[in-house]
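*Asks:* Sending over a structure as structure tokens; questions will come in a sec.
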């Protein structure tokens, strides 16, 4: 059984801060009753990442990951709330349809990976497969805010670039890198 390294606890705390950072944005969305020009893609990708983190950390996939299970489940709930708020307040049916379509596609991918991992893979192969998919999705989550960069460059304004989300994404990626370094190289 691996113990949680010190940076693992810091990684969990940073993950929680990263998950809660968009609250400021969504308070504004609720207050204005519109998502304005905010992209919903990063929140859908983050939901997808939380689902895979939670799946990977379940005992029948990868044992002894209780903290990751807790943060994955918390993140899934939080991100699902953000996506729901986004869908309610999106300014056009076109935007709602786009986000719903992406959400459907990602749930289809998640279901396929979950079913393959349950019925076709066992033991180490299941853990490796789910870990690889989880890592790919995690990389896409950290890259998804780049979709906002196009708007920032186009408008020459950082109004829709969430500061706290950017800061906590950076600190979270650093702490998780350090955590995996401690686990792999010690």
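Placement of Cβ uses the backbone N, Cα and C atoms for every residue, glycine included.
Got these off TrEMBL a minute ago, pasting:
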type	residues	note
TRANSMEM	6-26	transmembrane segment
TRANSMEM	38-58	transmembrane segment
TRANSMEM	70-90	transmembrane segment
TRANSMEM	102-120	transmembrane segment
TRANSMEM	126-148	transmembrane segment
TRANSMEM	160-180	transmembrane segment
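Map the listed features onto the structure and describe their local environment.
*Replies:* Sequence-distant contacts of the transmembrane segment (6-26) (same chain, at least 6 residues past either end, Cβ-Cβ under 8 Å): 38, 43, 46, 50, 67-68, 70-71, 74-75, 78-79, 82, 85-86, 162, 164-165, 167-169, 171-172, 175-176, 178-179, 182.
Beyond the transmembrane segment (70-90), the same-chain residues lying 6 or more positions past its ends with a Cβ under 8 Å from any Cβ of the stretch are 12, 15-16, 19-20, 22, 26, 29-30, 33-35, 38, 40, 43-44, 46-47, 49-57, 96, 99-100, 103.
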